[in-house]
Amino acid sequence: MRPATTTLSRRAATAAITATRPSQAQLLSGAAIKTTTTAPKSRYITSLSRPRQMQQIQQTSSIQSRPLRKYHSYEHPPPPGPFSPTEEAILSAAYKHVPEHGFSLESLALGAREAGYLDISTTILPEGAFSLIRYHLVKQREALAARTEALFRVPENQKHVSISEKVELLTWERLQGNAQVIARWQEALAIMAQPSYIPSSLKELAKLADEIYFLAGDVSVDPSWYSKRASLSTTYAAAELFMTNDHSPDFRDTREFLRRRLGEASELGSAASAIREWIGFTATAGVNVLRSKGVRI
Amino acid sequence: MSVSAARPALRRAVRCSNNTVKYSTAKSGLLSSPASLSRSFSSTVSSHSPKTPNSSSIPEYARPDPSRPTHFGFETVTEAEKRERVAGVFTSVAESYDRMNDLMSFGWHRIWKDHFVASLNPGFSPLTSGPDPRAPQHILDIAGGTGDIAFRMLHTAHNINRNPDVRVTISDINPAMLSVGKQRSQSLPATQQAVLNFVEANAEDLTKTRPLHSDPSAATISIPDQSVDLYTVAFGIRNFSNIPAALREAYRVLKPGGVFACLEFSKVDKHPLFNAVYKRWSFGAIPLIGQLVAGDRDSYQYLVESIERFPSQEEFRDMIVDAGFVVGGQGYEDLTGGVAAIHKGMKPRA
């Protein structure tokens, strides 16, 4: 900072910085909270601007009785999910065979038999063995919401659970969902990494990160909405991989690993925001210095 | 009726695109049901309630009626006339059928067929202890005259999945096509020949089938209800006079849990540029190749016109659902951008 800066301009610069962060002020009002949950991923406009022909087909189609919602809503019950009742019946029966037979056609066929179908019935599942993996991912993700209350019960001696603590708790809870099938999880990861399944796998990962931040009560609407979810996704994927080789009791090493990674991510995030703040301050101050010299900016 | 009698009529009808005959299924059967729009807001209960097709009462459009108008390429004919003309077309192309497929699709139809069979994985069965380790399967290959699909099924079931208990019935309305298949089957291993069965039948009525080359006056045999594990039809269903009737017949012969699988040419509307090239090729080159190689332009003109008239992926899927089947995911899989598509439906448990 150059000594020429006057007290007045310094004060103005600080005010300018506060003004560039509208989100914090917004967050205090209830209306802002509602928009946060819907706005970043709303699909209103796309659904209205679809060609007429498409809409007509959807009216006739029975497939559309299972709409997929792309946002969280307090007002409406969640849609039934991506699996039709028949698929659900086969997959839920097949899922019980995963610890023994893995995420394989074998498990699927055994499940179909149990549900009263034929070996050949499993071929209507569009993605074969990957359907079973997706079933696991979707069910574990959906199960998180039900466990939230028990997870966040505040201990007597503690007043408040912060969002980052909640995120850590939820991520750990989700990782424990893999414990039952951990012996088969490496093979599942290998299937998920096949080129044709990568898009669906990444989509599921993004949904999980979004779910965790939503359940943790994060309501940011700034660009950190994306960076937080991206960093959590990478951390979660790394922890998942770590867990497949973890032989410590109750996966203690994985938990430590998760804590370290999340800590690093938040340190990195705070460092980045500090740098951003410094650059913003210096730039505004510089402009004010020029203004004080009579430059018309 | 020979194909030569159909030719003048065919020529007249070429490019007669203002045809008013439409698929009666999609229009009358499904549009009348209450609309269930996909909305991102203000959801109502009705939009969540699943639609259950009533398969016990057969709608009028799904009953074969020889005098009802349908289409033959771009031409309007009655169902009975279409049956005769299709028979004429395939009698005329039977000999050159495989060579022509290779020329028209640059050999790519083999890849579609391989993928089709691999995605069905016939004969796969989890190993269980007991005297019969692999479960038996009965596959019905409709319009499978030359055996393309059936032989691949047998290869997958017997050699890859090691399940010798898989038998295949090849059915076709056309004895000429069946004869080609029968001849080709002579080169298969004896174990596979033993489980093959060739029958002449109309796919809209599988209660009247007769073995190949039998006396026309001989008694017909019915394919019983709930006797088939897998019903396949590859590049055949668009030639049927009454597709809804054939779908309901498939529903009848399949066991609960049995799968209806269809490989058929479809629409490339999702890729406009590729679509333009593809249309140019199919309307410009294919009839010409037919004329040069098979000496029969009209049959191949019919082929490309019938592809054009076949419903889109979504419409055909809705016809399958309307017949009582359940589908997984979006209900179909596009091959080569939609030039062909695989539709699958499963008969639900009663």
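Every residue gets a Cβ built from N, Cα and C, even glycine.
If you look up TrEMBL, you'll see B:41-57 marked as compositional bias 'Low complexity'.
The feature region 'Disordered' is assigned by TrEMBL to B:41-72.
In sequence order, B:Ile142, B:Ala143, B:Gly144, B:Gly145, B:Leu178, B:Gly181, B:Phe198, B:Glu200, B:Ala201 are the residues near B:Asp172 (S-adenosyl-L-methionine binding site), counting only same-chain partners six or more apart with C-beta under 8 A. According to TrEMBL, the S-adenosyl-L-methionine binding site annotation covers B:Thr146, B:Asp172, B:Asn202, B:Ala203.
For B:Thr146 (S-adenosyl-L-methionine binding site), applying a Cβ distance below 8 Å and a minimum sequence separation of six or more within one chain yields B:Ala94, B:Tyr97, B:Asp98, B:Met177, B:Val180, B:Gly181, B:Arg184.
The S-adenosyl-L-methionine site in the record is lined by B:Thr146, B:Asp172, B:Asn202, B:Ala203, and its two most distant CA atoms lie 16 Å apart.
Sorting the binding-site residues B:Asn202, B:Ala203 by the number of other Cβ atoms within 10 Å puts B:Ala203 first.
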